[in-house]
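Engineer: So that we are looking at the same thing, I have put the structure below in C-alpha cells.
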Amino acid sequence: MNGYWKPALVVLGLVSLSYAFTTIETEIFQLQNEISTKYGPDMNFYKFLKLPKLQNSSTKEITKNLRKLSKKYHPDKNPKYRKLYERLNLATQILSNSSNRKIYDYYLQNGFPNYDFHKGGFYFSRMKPKTWFLLAFIWIVVNIGQYIISIIQYRSQRSRIENFISQCKQQDDTNGLGVKQLTFKQHEKDEGKSLVVRFSDVYVVEPDGSETLISPDTLDKPSVKNCLFWRIPASVWNMTFGKSVGSAGKEEIITDSKKYDGNQTKKGNKVKKGSAKKGQKKMELPNGKVIYSRK
C-alpha cells in the first residue's frame, strides 16, 4: 500500500504548488488590498500614481511620474507621508517591470482574490450559482434521468416479451403452420393461463374467451411527452388556459346549433301552418299543437 500512496502524495503536492501564489503576486494583492480599502474599491495602481494616461502610460512615463510625486510626498520633506510614499514607490516598481505589470493587468481585468487571515491569506471565493440556475439544472438532470430509465425499462420489457414468445414457439410442433394450445404457469400452485400459438403468432386466452396478441410492438415507446418536462406544463395548461379555450369553443358550437335549430323550427312551423286538405278536420290539442284528422 505504501507504494501506491507515494505517487498520490506527489500529485497532491504538485496540485498544491500550482494553486500557491508567487511572491510578486502576494505583494501585488497586498498593496491592492491596502489602497482599495483606504481609497475605495475602484482604486488601482494607475489611479493611485495619478498617471495622466493611466494604463496607456509607458515605463518611462511611470518612472518619471514618481520623481514628480517625490517632490511632494518624499518622507524627508514631510514625515507623515512615509507610508504613502512606500506604497507609491512599490506600485511604481511593479508597473515599471514589464512581466510584473502583465501580472497586475491580468488580475486587474479578471479580479483580485479576497484576503482572510483565518483562511491563510489570499483566496478566490467560489461563485455561488443563483437559485433559478440550480433549479433549472436539477430539472434538466431529473428529466434526462427519467428518460434514460424509461428507455432501459422499455428495452428490458421488450427483451422479456421476445424471449417469452421464442419459448412458446419452441413448444409449437406445427412449425408455425397450425394451431397449438399451451398452458403457462409461473409456479405449481398457479392455475395457469391458456395460450394459443397460431401461425407463429402467440395469443393469450382471456377469461371471456377472447384472444389478445402477445407482441413487443404493443409496448409504448419512450417519449419526451411521458417525462415531467412535458407532462407538468401540459397539465398546468389544461387546468388554466386550455380549460378556458376549450369551454369557449363549446359555447360557440352550442350557440351555433341553437341558431340552426331555431331556423329549422321556424321553417317547420311554416309547413305546419298549411291549410287542411278537403275532408280533414282541424283539431287543436291542449299543448297548442294542431293536428288534422284523416279522410
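Note that Cβ sites are derived from N, Cα and C of the backbone, with glycine treated the same way.
As listed in Swiss-Prot for this protein:
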- 267-280: compositional bias 'Basic residues' (COMPBIAS)
- 42-110: domain 'J' (DOMAIN)
- 259-287: region 'Disordered' (REGION)
- 1-20: signal peptide (SIGNAL)
- 21-130: topological domain 'Lumenal' (TOPO_DOM)
- 152-295: topological domain 'Cytoplasmic' (TOPO_DOM)
- 131-151: transmembrane segment (TRANSMEM)
Engineer: Mind checking how the domain 'J' (42-110) divides into helix, strand and coil residues in DSSP?
Structural biologist: 53 helix, 0 strand, 16 coil
Engineer: What average pLDDT does the predicted model assign to the topological domain 'Lumenal' (21-130)?
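Structural biologist: On average, pLDDT over the topological domain 'Lumenal' (21-130) sits at 82.
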